[in-house]
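So the structure is just underneath, and the comments pick up after that.
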Amino acid sequence: METATTLEIASCSQRRVEAAADPADAKGPRTSHQQEAGSPSLQLLPSIEEHPKIWLPRALKQTYIRKAGETVNLLIPIQGKPKPQTTWTHNGCALDSSRVSVRNGEHDSILFIREAQRTDSGCYQLCVQLGGLQATATINILVIEKPGPPQSIKLVDVWGANATLEWTPPQDTGNTALLGYTVQKADKKSGLWFTVLERYHRTSCVVSDLIVGNSYAFRVFAENQCGLSDTAPVTADLAHIQKAATVYKAKGFAQRDLSEAPKFTQPLADCTTVTGYDTQLFCCVRASPRPKIIWLKNKMDLQGNPKYRALSQLGICSLEIRKPSPFDGGIYTCKAINALGEASVDCRVDVKAPH
């Protein structure tokens, strides 16, 4: 159907040419030279089998972003038969052949930039033309690079363990929007840099939790899609974190009276022993001030008797009966005495002959 339509157009054009020639024919027959001169007007237009069309990939329907130095290689499928005429423009002007190369095939057109520069950014238009028909497509290319550093940074104030910083944005954002700023600190002793804020959007901040007694320097990087700026301004002044003078006031409190009369927390236990085997008696007492311990046997003081050894340590009282005999049996008493009172405990000891 497209071919038939084109032929009809050509036939109409031919009839219009013949109609325009009728007045001249009325005056007389043309010479053979005049007929030859008019013959090009009688030529038919070429047959268009496929209308020109551009199949723009989906990824190119939005801004195509590349980093500086990367390759731009765009393959755009096209349609048209016979082979259409293909032209590219950059921001409405012809391409710079020293930087951009184009290859046009039967079914595609390729735009190639070996190392993209920011000047290559802009609007690229592809036009496919066939006869009086044409198709166009627009591609926006954005070439970006790392941003420049912030122009300056200033230490505004230092108080307690905090420091306030201010800086100005970079002059060059790398041909794209900034993602934020990275703030770092370094103490004078180590000189090592540590990040305290990432992708921070304001141009002022407060750095907290600084160590008392240290001195700090600060720097700020700008960041975009390509990464952090290569350099960063550093504060001219150091932030000295002073140790605050503290005055300790002891709170008054009433002295607690821990004095108490003797009290046995563990009594003596009755026991049976065998003649000739050492025996020990134990009990526990609590008192303040420290009590005096007296051991008795049948209410007789054992102090100074070499057959017995008495010990008292940390409130534990013990009495060792060395090689007891049947005459050592009886009632044993432990008595504790201090200024607040006294207490005593008893036990019975039986000494049996060995079998």
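Here the Cβ of each residue, glycine as well, is placed from N, Cα and C on the backbone.
As stated in TrEMBL, the feature region 'Disordered' covers range 1-40 out of the listed 1-40, 161-200. When pLDDT is averaged over the domain 'Ig-like' (262-346), the result is 92.
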